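Student: Quick one: structure below, then a few questions.
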Protein chains: 2
Amino acid sequence: MSREKAVVLVSGGMDSCVTAAIAHTECELAFLHLNYGQRTQQRELKAFNNIADFYNVRERLVVDVGYFSQIGGSSLTDTRISVSKADLESQEIPSSYVPFRNGNILSIAASWAEVIGAGKIFIGAVEEDSSGYPDCREDFFSAFEKALNLGTKPQTHLHIITPLIHLAKADIVRKGLELNAPLELTWSCYQNETKACGICDSCALRLRGFEQAGVEDPIEYVTRG
Amino acid sequence: MSREKAVVLVSGGMDSCVTAAIAHTECELAFLHLNYGQRTQQRELKAFNNIADFYNVRERLVVDVGYFSQIGGSSLTDTRISVSKADLESQEIPSSYVPFRNGNILSIAASWAEVIGAGKIFIGAVEEDSSGYPDCREDFFSAFEKALNLGTKPQTHLHIITPLIHLAKADIVRKGLELNAPLELTWSCYQNETKACGICDSCALRLRGFEQAGVEDPIEYVTRG
């Protein structure tokens with residue numbers, strides 16, 4: 001019997017890699033990656049393809065959503081806004097926020113899922129550890145799942161799966177190690193493409209997660225915090 | 001006092017033109033247009049700009065969402081699937097259906113609205129007359145509005161306005177005439193870019209609407225049904 005097909009959103013970062021490892025235990029994988037004009041686009045795409053090769057994923061879709069740069073408002077896509085150094089205690093929404101990014105990503109995933117016959121969409125969003133992005137919260141995903149089932153064909157039934165939603169970064173590291181996820185192939189840094197900077201929000205969260213899990217991050221850094 | 005800003009989705013067709021005319025009565029307009037690889041892309045963009053000029057719209061955003069062609073599944077973007085002739089009595093979802101198109105469109109609109117400070121998104125979707133597209137139904141828009149307010153900043157409050165949702169095509173024609181909407185600048189045909197074909201779903205619906213309203217459509221056709 002063939003396994004159910006799942007679209008997995010794979011940015012190339014650690015969270016999406018562990019999400020793919022979890023999806024791999026139960027589904028046939030189809031990988032979706034977005035180039036949205038972020039600074040580290042080429043490095044993330046390389047990580048995406050390396051992870052896809054690792055899991056022998058045949059169905060891959062890479063889409064350009066350069067309109068995020070046109071819309072602006074984020075340091076990830078607008079080079080006039082500097083990437084802020086990490087402040088993990090801050091309650092402010094950081095400058096790397098792209099407005100309603102996950103809404104856009106999930107809409108693309110839903111369109112593709114309907115065409116290829118996938119019943120699940122896996123996304124590695126993390127609620128507690130998400131730097132305060134409003135589109136990383138569980139109530140958003142529940143509401144979006146309802147909307148996308150109302151907006152697709154009657155025979156289409158899509159589930160949004162967020163396996164990491166309540167995990168801390170250290171739990172994600174442990175889960176990845178447990179499932180033999182290829183963490184050495186991932187890229188998380190918002191700033192650099194050769195060695196990770198170690199000081200942006202994304203690097204800081206990742207390094208703290210490895211530290212709390214008591215293992216060393218296998219990728220190279222300019223500085224480790 | 002400055003008027004509230006609204007993002008209006010303007011494809012260049014008659015419905016979006018009448019929607020813009022309605023939005024114009026109460027809001028400052030910002031026009032959003034999508035190139036999604038449809039056959040008639042250049043002609044629709046021309047109509048978009050002509051309508052924007054008519055209403056003196058300063059804020060315009062035109063985004064390429066060519067990924068619809070990559071995803072496929074629709075005769076609008078996949079040239080291997082032929083555009084079906086109209087069958088207005090059919091209950092089948094027609095071949096021009098682009099999976100979850102309005103979900104994608106509204107996500108982009110929401111991102112832009114948050115950046116430019118618009119509180120409303122106007123979309124000219126029509127439920128009864130929509131050829132059976134599932135993402136044109138009122139319950140979909142209600143669910144999507146809820147999702148996008150959960151997925152944007154706490155201070156962002158977005159309303160999706162669908163002023164045509166329960167109108168028949170003839171009512172839309174009448175509304176357009178009442179508000180002096182520039183219907184002569186619009187383009188609805190899915191097939192042609194010079195003279196409208198008169199036989200695709202979109203032309204057939206439009207022509208029937210004008211006929212029922214008892215007025216002549218001001219644009220040129222190869223054949224009028």
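Even glycines carry a Cβ here, placed using N, Cα and C.
What TrEMBL records for this protein is below:
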- A:Val10, A:Ser11, A:Gly12, A:Gly13, A:Met14, A:Asp15, A:Ser16, A:Cys17, A:Val18, A:Thr19, A:Ala20: ATP binding site (BINDING)
- A:Cys189, A:Cys197, A:Cys200, A:Cys203: Zn(2+) binding site (BINDING)
Student: If we check Cα distances from A:Val10 (ATP binding site), which of the binding-site residues A:Cys189, A:Cys197, A:Cys200, A:Cys203 wins as closest?
Tutor: A:Cys189
Student: What is the interatomic distance between the Cα atoms of A:Cys189 (Zn(2+) binding site) and A:Gly12 (ATP binding site), given in whole Å?
Tutor: 10
Student: Near A:Gly12 (ATP binding site), how many other Cβ atoms are within 10 Å of its Cβ?
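Tutor: There are 23 of them.
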Student: I want the residues beyond A:Val10, A:Ser11, A:Gly12, A:Gly13, A:Met14, A:Asp15, A:Ser16, A:Cys17, A:Val18, A:Thr19, A:Ala20 whose C-beta is within 8 angstroms of the mean position of the ATP site's C-beta atoms, in chain order.
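Tutor: In sequence order, the nearby non-listed residues are A:Ile51, A:Gly124, A:Thr186.
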Student: Tell me which of the binding-site residues A:Cys197, A:Cys200, A:Cys203 ends up closest to A:Val18 (ATP binding site) in space, Cα to Cα.
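Tutor: Going through A:Cys197, A:Cys200, A:Cys203 one by one, the closest to A:Val18 (ATP binding site) is A:Cys203.
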Student: Going by C-alpha distance, which of the binding-site residues A:Cys197, A:Cys200, A:Cys203 is nearest to A:Ala20 (ATP binding site)?
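Tutor: Comparing Cα positions, the closest of these binding-site residues turns out to be A:Cys203.
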Student: Using A:Ser16 (ATP binding site) as the reference point, find which of the binding-site residues A:Cys197, A:Cys200, A:Cys203 has the shortest Cα-to-Cα distance to it.
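Tutor: For A:Ser16 (ATP binding site), the spatially nearest of the binding-site residues is A:Cys203.
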Student: Can you tell me how far the Cα of A:Gly12 (ATP binding site) sits from the Cα of A:Cys203 (Zn(2+) binding site), in Å?
Tutor: 14
Student: Nearest by CA distance to A:Met14 (ATP binding site): which of the binding-site residues is it, out of A:Cys197, A:Cys200, A:Cys203?
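Tutor: Ranked by Cα distance from A:Met14 (ATP binding site), first place goes to A:Cys203.
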